[in-house]
Each structure stands twice: as C-alpha cells, then as structure tokens.
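Visitor: When I checked TrEMBL for this same protein, it listed these features:
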{"type": "COMPBIAS", "residues": "1845-1855", "note": "compositional bias 'Polar residues'"}
{"type": "COMPBIAS", "residues": "1916-1937", "note": "compositional bias 'Low complexity'"}
{"type": "COMPBIAS", "residues": "2013-2023", "note": "compositional bias 'Polar residues'"}
{"type": "DOMAIN", "residues": "38-131", "note": "domain 'Ig-like'"}
{"type": "DOMAIN", "residues": "249-344", "note": "domain 'Ig-like'"}
{"type": "DOMAIN", "residues": "348-427", "note": "domain 'Ig-like'"}
{"type": "DOMAIN", "residues": "434-528", "note": "domain 'Ig-like'"}
{"type": "DOMAIN", "residues": "533-619", "note": "domain 'Ig-like'"}
{"type": "DOMAIN", "residues": "624-715", "note": "domain 'Ig-like'"}
{"type": "DOMAIN", "residues": "720-812", "note": "domain 'Ig-like'"}
{"type": "DOMAIN", "residues": "817-909", "note": "domain 'Ig-like'"}
{"type": "DOMAIN", "residues": "1017-1121", "note": "domain 'Fibronectin type-III'"}
{"type": "DOMAIN", "residues": "1317-1399", "note": "domain 'Ig-like'"}
{"type": "DOMAIN", "residues": "1407-1500", "note": "domain 'Fibronectin type-III'"}
{"type": "DOMAIN", "residues": "1504-1599", "note": "domain 'Fibronectin type-III'"}
{"type": "REGION", "residues": "1708-1737", "note": "region 'Disordered'"}
{"type": "REGION", "residues": "1812-1865", "note": "region 'Disordered'"}
{"type": "REGION", "residues": "1881-2035", "note": "region 'Disordered'"}
{"type": "TRANSMEM", "residues": "1630-1652", "note": "transmembrane segment"}
Amino acid sequence: MNMPNERLKWLMLYAAVALIACGQTLAANPPDADQKGPVFLKEPTNRIDFSNSTGAEIECKSSGNPMPEIIWIRSDGTAVGDVPGLRQISSDGKLVFPPFRAEDYRQEVHAQVYACLARNQFGSIISRDVNVRAVVHQFYQTRVIDEFVLRGNSATLKCLVPSFVADFIDVEGWIDEEGVEIQRPLPDDSIDGKYLVLPSGELHIREVGPEDGYKSYQCRTKHRLTGETRLSATKGRLVITEPVGSVSPQLSGNGNQEHITLTRVPKMGSVTLMCPAQAYPVPFFRWYKFIEGTTRKQAVVLNDRVKQVSGTLIIKDAVVEDSGKYLCVVNNSVGGESVETVLTVTAPLSAKIDPPTQTVDFGRPAVFTCQYTGNPIKTVSWMKDGKAIGHSEPVLRIESVKKEDKGMYQCFVRNDQESAEASAELKLGGRFDPPVIRQAFQEETMEPGPSVFLKCVAGGNPTPEISWELDGKKIANNDRYQVGQYVTVNGDVVSYLNITSVHANDGGLYKCIAKSKVGVAEHSAKLNVYGLPYIRQMEKKAIVAGETLIVTCPVAGYPIDSIVWERDNRALPINRKQKVFPNGTLIIENVERNSDQATYTCVAKNQEGYSARGSLEVQVMVLPRIIPFAFEEGPAQVGQYLTLHCSVPGGDLPLNIDWTLDGQPISEDLGITTARVGRRGSVLTIEAVEAPHAGNFTCHARNLAGHQQFTTPLNVYVPPRWILEPTDKAFAQGSDAKVECKADGFPKPQVTWKKAVGDTPGEYKDLKKSDNIRVEEGTLHVDNIQKTNEGYYLCEAINGIGSGLSAVIMISVQAPPEFTEKLRNQTARRGEPAVLQCEAKGEKPIGILWNMNNMRLDPKNDNRYTIREEILSTGVMSSLSIKRTERSDSALFTCVATNAFGSDDASINMIVQEVPEMPYALKVLDKSGRSVQLSWAQPYDGNSPLDRYIIEFKRSRASWTEIDRVIVPGHTTEAQVQKLSPATTYNIRIVAENAIGTSQSSEAVTIITAEEAPSGKPQNIKVEPVNQTTMRVTWKPPPRTEWNGEILGYYVGYKLSNTNSSYVFETINFITEEGKEHNLELQNLRVYTQYSVVIQAFNKIGAGPLSEEEKQFTAEGTPSQPPSDTACTTLTSQTIRVGWVSPPLESANGVIKTYKVVYAPSDEWYDETKRHYKKTASSDTVLHGLKKYTNYTMQVLATTAGGDGVRSVPIHCQTEPDVPEAPTDVKALVMGNAAILVSWRPPAQPNGIITQYTVYSKAEGAETETKTQKVPHYQMSFEATELEKNKPYEFWVTASTTIGEGQQSKSIVAMPSDQVPAKIASFDDTFTATFKEDAKMPCLAVGAPQPEITWKIKGVEFSANDRMRLLPDGSLLIKSVNRQDAGDYSCHAENSIAKDSITHKLIVLAPPQSPHVTLSATTTDALTVKLKPHEGDTAPLHGYTLHYKPEFGEWETSEVSVDSQKHNIESLLCGSRYQVYATGFNNIGAGEASDILNTRTKGQKPKLPEKPRFIEVSSNSVSLHFKAWKDGGCPMSHFVVESKKRDQIEWNQISNNVKPDNNYVVLDLEPATWYNLRITAHNSAGFTVAEYDFATLTVTGGTIAPLDDGTGQGNVHTRIRLPAWMPEWLDLNFMVPLIATVVVVAVGICVVCVALSRRRADDMRGGQKDVYYDVVYNQTMGPGATLDKRRPDLRDELGYIAPPNRKLPPVPGSNYNTCDRIKRGRGGLRSNHSTWDPRRPNLYEELKAPPVPMHGNHYGHAHGTAECHYRHPGMEDEICPYATFHLLGFREEMDPTKAMNFQTFPHQNGHAGPVPGHAGTMLPPGHPGHVHSRSGSQSMPRANRYQRKNSQGGQSSIYTPAPEYDDPANCAEEDQYRRYTRVNSQGGSLYSGPGPEYDDPANCAPEEDQYGSQYGGPYGQPYDHYGSRGSMGRRSIGSARNPGNGSPEPPPPPPRNHDMSNSSFNDSKESNEISEAECDRDHGPRGNYGAVKRSPQPKDQRTTEEMRKLIERNETGPKQLQLQQANGAGFTAYDTMAV
C-alpha cells in the first residue's frame, strides 16, 4: 500500500466532510437583512459571433452580498478552464477569446454553448445560454445565376451565398453592367420603381421586357463581422421567354408539390413573402392571411407598412401579430395557383419572476410566478441554485417551505434561437431558526480511572433536542453513562454526558446532535483513553444493492498505530470499489450481492504489537424491479374487459405484491379481482369496466430491501351522473344565495345554469354575467338576492357521452315588507288638499299603521284625515288624505308595515309651504365701473327653500317698468350686479322667490358706478398692404356707449400670424373729429408675410378689449434666394437644356409665377445688353438658336408679383462643335515660275477647334483632277510647287473640325511667272493685346527680288527701340504693351516690280482707370452714391466694387453692376462719418481706386432737456428722467452719470451705462446740500455733456437758498463759479483765456528759440521708422484706468491711429487740451495709440488697420516723408514746427474770424532724406516745398486714399517720382496716417502726382474765404496721402504767395458747435473737447499710369462772402464745404482746443 497517497486521500475526505459540516452550519444561520443572493448586473447576450482576426470578450457581472463568484460553465454544467492562446478567463470574470490562426480553430472551444454561473453562500444562478461562434476568415464567392422569366412578368434575381458564411453576409445592393448601383430603399423611399432590392436581398425587376434581357447584374455583399464588401463572382441576367399562347400560373422550381414556405423575421424588421409565379397573360396576385386556429382567411390590408410589389408582399416594421399562415393566390384567364407561407415574427425573449425576493416562514407556502414576453416561446423550465427541478409551468408553488428550499430560483424561457432567464431568492423567515451548536467539548486524551464530563450547548427555534452517539451508536443511560439536559434562561439547551471511572474501552468518537423540525446541527470529537486496542462489537449491516457502504471501525485504546480491514484474511482494498482510510473508515462503492456480501474484519494494532479484532457482517439486499405495464390506448368503454400484469423479475424473495386504486386497496366489491402468478407476478382483472374503475392503478412490490411501485391510469368514458342534484330553494331577500349542482363522468362534464323565460319553466336562456350572479365549478351564486332573481332555473351537465343530465328547480325569494323609499319630503301649498302614500312590497298579508310626529294618527279624532288601503300584486298601497292643509301639518308622518317575515317603516316629511317674506337690510358692499356688490338679510322662506332672489335695477331716470334683473341663488345673501354702465346712477331693489311665489320688493338703494376702461372694440378695422414692408391699418372708434369715459387713444398691436409671439404695440392719439377714421402705417415688416393686427382703445383708466385679429399679407416681394441645383446640359451645337429646383418656400416672398433664364456667351456676359432672357413656368427649359461651340453663362431667377428675385450662381455650358464656315479670305501670290503661295484667314465662325485646313488646287481649263493638300491648323499659308509656268491655277481652301469639313472659300486664280512682284500674304487684321503683355503683328511678304519691309505706327515711320523691333519674318514685336500703343500699324513691302501694304489695328485691354464717385443723397442709415466710369477706359467695364468704412470700423465692400447709375449703401450707423471709394473691374482685373469720398449719415448728438423735466430732487436723492432727452435723430445708447458736491474738484462716477428709457435715482446724498451733476449722453453720432446745479431738500422737505451766480435757474453751466472768498472781478471766464494766451505766446517764442538751437542736432528720422513716427495720445482715463505705453505689440493691432485732435469723450477728472494729447514717444520705444469709439462698449478701444487697396505693377520709386514730430532726447514738450494755434476765449464767445493765429517755425533741417519703404509725398520734380491744407471738416484717416487694389494681388509702385521734403506744418495726425500707409512687401510703392480736384461734399475750400481757408488751407501743392484736390495757385489769407513755395499759415478752425440758425457759438461745457480742425485734409495728387494731370477747378475758388452766403443757405455744392450741424442746417459744431 502506498501510504502517502492513502494519507492524502484521507486528508481530502476529512476536508470535504468538514466543509460540508461548515456549510450546513452556515446555512443554518439566518442571513442578515443586507445579505442577498447573486443577481446579474450584466448578463451576456444569447449569441456571440466573432472573427478569428478580432477575437471577443464576453462580460458577465453580478451583485450580491457577499460578492458572488463568477464561474463559466458549459451547457452540461461542467466548468470551463483556460485553453492557452484560445480561451482564458480574466481576473474580472470575463471569458476572453483571443484572436487566433485559422489552423488553431477548435470546435469544442469556438463553437460551444457557454453559460455564466454566479454563486455565493446564499445560492447560485446561471445566465442565459451564450452561443459562441468563431468565424474563421476563409475565401468565399457569391454568385448570381440567370433567371428565366416570361415577358411582362416580374423577375427576382437571387444572390447565392455559400452556406458556411450565409449567417454573416448581408446583401447591400445590386450593380448593373453600366455600374449603376441599385441600393436598398430608405424607409421613406417609394418602392414603385422598375428595380427594388427586397429586404431579404433579392433584386426584384418589374414588368420585364425584351430590353431587360441584355443587361447583367451583380450583387454587392458585406460581411457583418469583418466589414468586407465584395461583388458576386458571376453576373446574372434575365432570360426573357416569349410566351407561346396562354400560360397558366406556374410556380418556379417546385413542380406540383405542396407549396409551403417557413419564414422567420425579427420584430421591427422587414420581411419579404415571395410568390414566385409566372403566367401569360400577366397574372393577378392576391394575398390572404388565415385567422389563427381556423381555416378561414381574410385579405391582407395594404397600407404604408404592408405593401405589395407584383406578387411579393413586403411587411416593414414587422410585429408579433403579423405571425401566421399566409396564402398567395395567383390567377389569370387560364388558371390559378397558390403558395402558403408560414411567417413567424420573433420578438426578443425576456423573463421576470414575481416576487424577486420573498421571505417565508417554515411550513408556509411560497409561490413564484414567471412572467415572460417574446415570440415564440417553446419551453419554460425552472432551476434552483443552478440545478433543474423538473417544473415546466409558469407558476412554481412550494406548499410547505423547508430548510432546503431556501436559495436562488430561476425561470428559463427558450426557443430554437435564444433563451432568457430571471432569478428570485427565497429566504427563510424569522421563525425559521435551525439548530446551532453554541458550545461543545474538545478532543481529549487521558488515563483510565477518572470520570469524564462532556458538554454540548445548542440553540435554535424551536428548541432542539440533543442526543449523544459513540462511534455512530446512540448512547443510552446505564450505570456508567449518564445523559442529562436543561434549558437556560435565554432558550439554549445544555446537554451533558457523564462517564464514571473511564476505561480504555470507553475511547472513541463522541458526537452530540441537536435536532429540531427545522434542521440538524452536530459536533464530534475523539476521547482517547490510554490502553490496549479494543474494538466494540459491530452489528450486522444490511445495505441495498447499488448504494455505497461507509463504515468506521469502532476502535478504543490509545495510542493506536494502525487500523486495517480484512476479508477472508486478505487486507483490503482488493479491488477498485474498496477504499480504506487510516482512521478505520471502509468505503465500498456500488455494492453488489455477489461480490460484496461477506464478513469483514477490522484489526487494530499498537506499537507494542498488541492487536484487537472485530467482525462486521455485511448483507446486501436487492430492491424489487417492476416491468412497466399499461392498459390499452385510449379511454375504456363501460362494460369492456381489461387486464393488467405486474411482473417483478428482480429483487430478493420473499416478495409481497399488491394493488391499489387511487391509493386505496382494491376490494372485490368493485368488481376487480387480483391473482398471484408465481412468486414474482400478479394479475389484475376487470370483467366489466364501470365508471368507479377510472383512476390510477398501482402495483406495489415490497421485500426486506425496500419498496417499489409502478402506476398506470385508466380512463373510462362515463356519462354524467349527479354527485349533488339541485333542489328547490327559498332564500331571504338580500341574502347571498348558493345552489350547488355537481356531476361527474369522463370526460369531466361541463355544468351550466340557465333561467326560464317568464314565470313558467319550458324556455330557458343563458344567465347574463353580472356583478351579483356567477357560476363557479357548477355552483350558482346569487349575491344580495332580490325578488327579480326569483324564478325557475335549469342546471345541465354534459360531457358528450349520452344525452347528459338536467334538473329544473324553483328559487323563491321570501321578502319581509319593504319600502323602496325610506324617507321622502312632500310639499303642499297652504290651504290646499294633500295625499300621502306608502307602498310596501313583500309577502302578503301586510298591515300598515300611520304615525304623526311619532304619535299614532287616528282619523277618528280629526275629520281632515282619511286613510285608504289598496292591495297590489307586489304588496299594499296605503294613502293618507288631508282635506285642507294648515301650518300645523308641517310634520313627520311615518307608515309602519308588518307581515309574517318582519316589518319596515318609511317616513314622509310633510312641508306646508307659502310665499316668502320680503328681504331686508339691503346694503352696498363694494362697487366699480360695471358692477356693484350687494348684501341683504335672508327673510322667512315660507317653509319652501328660497329658489332665488331677483335683484331689480334701473337707471335713476327710468321708471320701474323699465328694469333689468339679476337672478341670484336662494342660498346666498350676497351678490354682484354686473353689466352696469360706468359713471351712471342706478336704483336697486330685491325680491325673494320660492316654489310658491314671489315676495314683496325690498326698499330701493341708489348708487353711482365708477369710471372704467373702454369696453368696446374699435370698429371697421381694415388692414391693407402699402408695399412689401408696410401695411396701413384703418379703424373707427368703438360705439359711444362703450367708451366708459373719454377715449385718449389706441394701442395697435401686430405680430406674425400663426406664431406664439407677443404683439408689438404702437400708440395712436385719439382724433376728436366725429366719425373720422384713424390710421397707422406699420413699417419694417417682412416681405409677403401674414401679420395679425389687433387694436384696443384706452382712456385714463386703462385699455379696452382687443379687437378680433385682422390678418393680412404684406405685398409680395422678390424671392430672397435663387433657384437651387441649377444645371445645364448641352443638347446640340445650338441648344442647351437648363434645369433648376425652386427656391425654398420661405424665401419666395410671394407666389412664384415664372422663372427667367438669363444667358449670354461667357465672353460677353459682363455686357448686360448682350444678355438674353427666356421666361418659363416650368423647372427646366431648352435654349435655342445659340452660337455653335460657344461657352455660355447662365443664371436663373424666380419672379413673383413683386418682381425678379435673386439670381442663381452663374453656370456654364458649351454648345457642341459643328463644321466650320469658309475661311474669310484667300490670297494666291506668285513666288516664282513654278510656285504659288496660298494664304488665307481663318473662318469667322470656326464652330469648334480647327483641326486642319485643306488647300484645293486645280489647273484651269483642263480636265485634271483636283489636288488636295492637308495643312496643320496653326499654318495659315501653303506653298504650291511644281507648277507649270504661265498656266493659270485655281485655289480654294476649307477648314475642318472634329465634326467634319466646312464650306469652301472663294476661289482665286494665279499663274506662276518669272516676274514676282512684291506682295504681302498676311491680311489686314485687328489684334487685341492685354496690358503689359507682348504683342506680335505679322507681315509675310513674297517677291523677287526680295522685297523691303517697312512699318508705320499711326502714320509715323517705325524706328526700332528697346520695346519694339522688327522680326526676321517681317513681323513687328511690341514688348509690354501699354495704353499708348493702341492704334493703326501698317506694313509696306516693296521691290523693283511692285509694292503692297496691309494695316493692322492694335487694341490694348487694360484694367479700368479710377471711376468717378459722387454723393447723391444721405439718410440716417444710408448713403446714395453715383458711379461713372473713367472716360479713358478702352476695355469694357464689368462692374464696380464699392469700399466703405465708418470712422471707427473696418472696411466693407459691395459689388455694383456696371449699369447701376446709383447705389445705396444701407444699414449704416446714424450720424457717423464714412469714407467711400470705388474700383472698377473688367476681364483684365481690378483697376485703380477712386478718390475717397468723406461724408456722414444724418443725425446729431443728443440734445439737452429742460432741467425741470429732467431732474426731480428730494432730501437724500435725485431722480433723473432720461426720457426728457432728445436723441438728435440717432437712438440713444447710454448715459454716464457723475456727481460731486459743489465745492469739490473731483467728480464721482455714479454709473457709466444707464439705459435711455429708464429713470435713474442717485442715492445717498446729504440733505440741504448743493451738488453738481454731470450727464454725458451717448448715441452713434457722438455725445453731449450737460452739467447741472441742484440742492437737495432739507430733512423736512424744504428748500435752501439759491446760489447767487447770475445763472438764473441754475440750468446748464455757462460760467465757472468762484469760491466765496474770491473777489467778484476774478471771473475765471475772463482770466483763464487771458493767462492762457500769455503763456502760449511765451512758450511759442521759447520753442522757436530751442528749435533754432537744435537745428544741427542729429535727425533721428533716418533711424528706426516706427520709433520716429510713433505718436501717443496720453489721456487720463478715470480712476484706475491707464493706457500702457510700454507694450510694443499694440501698434500693429491698431492699424491706424486716430488724429490727436479727434473729438474724444470727456473723462472724469481730466482737462482736455491738445497739448495733453499730443505727446512724443520716447526714443527706442513704440507708443500705443488709442481711439475712442462712441459705439463700442469700452470707453477706449484699439482699432484694427483698414484694408489697404493695392495697385498693379507700376514704375517708380519712393521717397520718405520727414515728419514734424521727430524726437530728440529731452524734447518731450516741444511744439510742432509750423503748427498754428488758434486762441479764442475760454468758451469761444469771440468772433472766430478775429481769432489770433500763432505759428511756430520750421526746423532748419527741413528737407530730410528718403525714408526707406515709406510711401512719401509726390510733388513735381524741383518743387521747393511741401504744402498742406488742414481741414476741420474731416476726421477720417486718409491713409488708404491712393493705394489701389489689384485683383491679381500685384505690387504697388510709384509712377511719378518726385523729391520729398519735410513739411513743417505736418502735424501728428498726418504722421500717423503716413506711418500706416504701407508699401507692398515686394518693394513697390505708391504712384502719385498732381491730379484733378476730388469731389468731396465735406471738403469745401474757397480760395480767399478766411473762414473757408481754415478748411481749405493756403498750401499750394497737394501731398499724396490726403486726397486728390490740387491746390496749386491758391492764396493764403491776405497775401499772394508763390504757389510753388507757399509757406503754410493755417487759419483757426470754426468755433465748436457753430450753429448758423441761432448765431450762437456757445455750447456749454463742450469747449473742453478737442478741436476738429484736423490735419487730414485730402489733397493728394492723382496719377494714371504715369500721366500727370493738374486741373484745379476754378469754380471752387470763391470769395469769403460768396462762401458764407452759400453756407447760410445750405447750398454749398458737392465740391464745397457742407458741414452737417446739430439742427440739420449750416455748420456742424466743431470743438476747438481750450487753452
């Protein structure tokens, strides 16, 4: 024996036993409340298909407490392990299949059914079946085979897929031989076409014809797993068969067998039911569906979901209800055929168990219900803890829960494709407390002698019993062994075992067992007693064959060395079934009598060699075995003979065999005999079968080994027989009646109840189902039985055997007297007779007595009462008559009815009624304009409930016959009288009314109603469209009676119809004229849009009701979007088809009537006159009569009643080529005696690409054949040789295209000769050259001697130069053509014989020159400009590009057509300055830019309000009413509010963003204190500052004394107030200008000196240009706001810099003057530039660079411009040289014409060298000076004035070079503009030169007007950056200077806010703002490709008086100064610098 192995087995068994015991102990413990069994969180799906290249992961997650363990198992329940490389289980429970090679495929791994098992200590659950299928990538091909089809029928082509991949292949579509793809239809697609891809993948072709036989088809498939798509390997086609005669429907491929198809489709999928039949004539198909369970069928209803295509039925979005059997019937005139299809629509399976968890006490029942959905359901099964329990019903019921029933239950539903499961947990209840061992004895080793005490403590509910065992044998009490036990206080059982004087033989395994009805717990341990081995006697062991014998040798003594088992003196084991363990356990598996029945001996030894032996006799017993038996098939007939034989071939004798029927022993009384057949058989005989013999017959076989049985059923056809026959019944009325009717038989009879019709039996009808009548298992139940249920009833039992049973019974209802009405009221009018009646129903006789108020009523005592009785069929009627009612008769009358079955009573409440008394205490609680609230006291009601009150009211002047009434319910004493007229006097009274009559009227009260809002709606409302965006609304007032006061006006509301938006209301004042209509125009509406309009009137109380909606459309507009999807198709050489799609409906803006197609040859498209138009109403048209082989451009537009819409994007098509026309001209020139040169001109219309020319020659007069010679298309001459001398030849030429040969030219005859005169073969021609390209003009000459060729250009002899030269072939080459080259070029050829000449015309096409732009009109948001092309343009102009920008904004562009005389620039900012220029473009490109037009839109800055309307003062706050401000024509944007105490200097900003329409309150002011308030109002035109004085009120609301400052009302400041301590003569208005003048003069003198002293200092202008030209506006920006001057990156962001004297907003706490703003940057640093934009949210904002218009390649170079603001270290505060200052009074009250000019001097080094890259100023060569004009009328930068835009992105260059010199008067503003006029990076520069004056309405400079000179300037020559106005020859003020060397003396600008209408120059505080006399006057010269023009216009040079008159009359022409002033006439107010 191998001991280590045996020991290992022993240890394993011991561990297993311990684990089982531990498990039982744990199971016995009740789980905690939060502990639960496993539940799946993520269950794997039913099917996992994957490719071997991708692998798969299957996730399974569950929850539970404790967390369940996940185990993967196979379908047979065995666990799944890892297979290296093929299958592995990850640590998180996933089943992973890695990608694998095809050769590694293993079916048991990759094609297996798996399941996921989750388990914890409370149970196990198994997931649904997981069908894993790995697909190995292998080659496959799909095929399409030919389909044979009769002509006219439909065909179906199938895509044949190999079966091994069929499950994974989907048919995506079909492709025909031309590559056209036929795809599956989308859900909304039509399926009516010729081709249809069916949901199952087949291609359905409808109505095939002979042409379909020529096409072939391939299917395109996609692999679901790999995504691979492929085409079928073969192409299939249709074989079209022409029918011979008529053919009856034939089903393809099935012969004449039965046609049944099975189809499965998932729910919501699409299914195809095929009916593949063909016939001729083409058959008709009908589909039917069988009604489930019947043979009846009904036609299939076709709809959007179910469609039929030919014979194919297509069902989309299939549902389970679509399942069933379908029949397709095919018929034609010859015959018919049919096809059956069984459709199963599968729905995913799902299951749920209810309840999911239940806790059940021991012995109580538990029920689980499996609720499942899906289709089809094949099986339902149940499992417990992962093991099947053999239950297949949806409901699982456990009658009595035991301990082993707890755990996890699962319900599985399955079909052939999938499965689903649900789980539930059964927990044991609180009373279910199995035993548990709480305390127990331990193993012990001891010497013999002493006593032993073993103790066990156990608990449980119920209390367990404890027993003891020794080596498996129960211990009983004797003299040495004593067992005792008791129960502790807490319910535990304590049991002990006492062993007195222990012996060695007492050793062994002791066990205590705690047992109760809910479980068992046990504990065992060894007691070792030292001594010799001893084996206790073992009793005989009997075991049944097949079981396992486990016996342990009962050994005592210690220590024991070995225990062995022997048989026949052989040590065991001696075969495989036997196992012996070291602890003495013997196990024999599958015991058999022959091999294992024997005596076994146990031998125990110790180390000393002592041993003990004990024998065990094992007897093996064999159970009986019964051979199955059964009666004959089917139920037996009564009287039939039957026999059964029970044979027991196996089992130990003696055998006891007996029979039972339904578990009861069979007695001979039943007519059944049994007889024993030998020792192993028994026969049961039934001589004649009877009904009692039906049941289960069981044969029982018993022996000593046990008991076996076999049962077979016997069913007997038995006619019904009564078990309980019904009898007549009587029931008390109202009780629940039950009549039993039971019968049995086989089959089980059906028991039904019927009720007799009428009162007699005979005819019966089924019982109607109702709430109180029901039949349950044959028993008739009638709940709450009534008399109506009385009658005859029939009970019938039928089972189909015999005629059945029936019984008729009578059910009678015994009723005590009953009154149907227990209590009722009865009324009578006082003094009239009354009758009271009582009807009692019930069993007669019935006696009736009357009581009155519970007192017996005896008619004998009062003759007014009479009692009568009437016997009725249902009972008795008793009547009590009262002759004459009195008030005392108002009492409770009771009638009491009595019969044998009981009594009942009913009461009648008698009420004697009369009319009510009148109401009183009428009071008015509340009143309004239309109602009054009244109250009153309720009067006596006359014993009749008051039905109502009638409130009567009338106007005070009317009589009570003219009254209105209000009805009020009688239960209330308050009411509201409505529908009164406002402001009217009324009298009101009230009466009460009951059923008897009406009371007298109450006393009247008088009231007057209040006024109210109008109640009437405006009348006669009409809404009519005025135009596309305007509608006129007219209406009349409401009726006068509904005004309810005086109407003040109307609110007119409008909105888009059919929207939920709110109405937009406008207010209209009331017109007092009687009957006059009101009207209002609604503007800015949408085009052709329906609007709803309502109107309501209002008075001082409020608004009235809205009128009814009036709907109206605005006038039709033009379509805002073009037709889409425009496309053209060339049809022939002269026709093109154009098609399009209508524009979207919402963009039509009307009803589209026609479409216009605009078309023209593409090269003439720009010319509107050359365009053709075609109208059509359809969505396509054909254009006829087109030029051949010509590219056409087309546009399509839609037209409505409003006009033409937007044109579509141009499309282009070329007509087809055709044969060409004849060559235009032919020459034949003699070249010698045998040669002639033939030359020709191409055809005028080549109609295609010329491929060749054919020269025909023929000798004249002879019959010689015509010779032909092919000449390449590029050769225009041919030398004919080998000709005969002096013989005439005829020549003609044809041209050919790809279409063919064209017409022949004219014939020409020539004769070879020795004499060769000079002739030119070339023809006169016109050549068109593009600007800057080369041109070549041919002159091919012949002659002998060689002729001399000369050229004349425009009549002048040509002499070669660097641009023009003569080529050897006589051609003239011109390089880089310019405009001047255009003209006539003649070529002359001359020799001694003759001379010849031709003339060419050269046309030069160049980009357009600058167009003329003039201003036509302005509005608040639009500008209208006129555009005129340049007179010198030769190439046709295609259009204009208009560029415009606001003063603070970006450039924008707009395209303008060439024929537009005027163009509107819309959506502009109100009251803002704009720059406008235009460029033209043609097919060469974009041309030069026009002069910049400076203008502004209408609108002004805000206007000041009156102080009393604006300011409202209280003691500690001030309210500001901002609606008092006038906006100046431009909507207000916001206000800035600042305040300070009067004696403070610093302003406090209250808010910088107050909205215009609000009131604003400044809080936290001190009472009785003077304050200054500064308001800055902003709109898009600018801002206005107003300053106010006000004093807060005292605390008590009083006022304080006014300030004595001479300002009157303390309105806007006009003077500066002095502190109290200063003398009055120190008026700052006088002192400040005086001091400032002195200071400025002194500073000026100093600066001149300093400038002269630094004249020789180094000029930094040659250094870093950015440093030199930087200028900074240094401004104080309020608290905390600073401008960082150190950031070098800001300059590039800004783009251009605002001029330093640009008007800027006032900033709190800063003084505004130019000196503060113009600061010079420090050397080496870049300055920041900031410009304020009033339309931006931030106060100061950086601006982007404007776009720079570029110009084409030009000649010239650039000079730099030296600026006046160059810097030297330490010169921070220098004044600009040549800067003129204008000194006025502080508030500019002086006459501006008398202002003193102050001028600085130029720097000595005035002329600086050129600055590299700077676009400098251009003057004529030698010009000594650079002069400026400074225009106050302009505040726009002019940096881009002369830069031109080249559409090809060309470079810029300067055309007229000129020296540049320093302009000493050039101020910072101009410097900045120059800085940002950048030159093209290729090194080009601007061109410039003196040019014509530019038309600018804002620039007006009369030469001699002192006022105008401020704007025009005396500077003679213009400079390049600031406009094109030449000013040569102008004079400065009062002196005539050399125009070429004029020294600049700019005069002062006009006063700020100069208003000619009121002749006042004073405009409050705005004098602190910067002067608008800026340095951006636009005087740049104009250059046209180098041409210098000077044309100062004399009409601009007007006198001072002329100019002033023009200004005052506002008639200054566009060339003059037109400055828009605040009120729209005269000058705009400009602010000068305050010094």
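These residue numbers are counts, starting from 1, taken along the chain as shown.
Just so it is clear, glycine is given a Cβ too, placed from its N, Cα and C backbone atoms.
Keep in mind it's a predicted model, so treat the numbers as computed, not measured.
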Visitor: What is the pLDDT of the domain 'Fibronectin type-III' (1017-1121) when averaged and given as a whole number?
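Guide: Average per-residue pLDDT within the domain 'Fibronectin type-III' (1017-1121): 88.
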Visitor: Are the domain 'Ig-like' (348-427) and the domain 'Ig-like' (434-528) close enough that 3 or more Cβ pairs fall under 8 Å, when only pairs 6 or more apart in sequence count?
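Guide: Contact between the domain 'Ig-like' (434-528) and the domain 'Ig-like' (348-427): present.
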Visitor: Looking only at the domain 'Ig-like' (533-619), how are its residues distributed among DSSP helix, strand and coil?
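Guide: Counting residues by DSSP class gives 4 helix, 47 strand, 36 coil.
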Visitor: If you run through the domain 'Fibronectin type-III' (1504-1599) with DSSP, how many residues end up as helix, strand and coil?
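Guide: Once the DSSP states are binned, the domain 'Fibronectin type-III' (1504-1599) shows 7 helix, 49 strand, 40 coil.
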Visitor: Looking at the domain 'Ig-like' (348-427) and the domain 'Ig-like' (817-909), are there 3+ C-beta pairs under 8 A, with each pair at least 6 apart in sequence?
Guide: no
Visitor: Write out how many residues of the domain 'Ig-like' (38-131) are helix, how many strand and how many coil, based on DSSP.
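Guide: Here the numbers are 7 helix, 48 strand, 39 coil.
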Visitor: Taking DSSP states H, G and I as helix and E and B as strand, how many residues of the domain 'Ig-like' (1317-1399) are helix, strand and coil?
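Guide: Summed over the domain 'Ig-like' (1317-1399), the classes give 3 helix, 43 strand, 37 coil.
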Visitor: Could you put numbers on the helix, strand and coil content of the domain 'Ig-like' (348-427), residue by residue per DSSP?
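Guide: So the domain 'Ig-like' (348-427) is made up of 3 helix, 50 strand, 27 coil.
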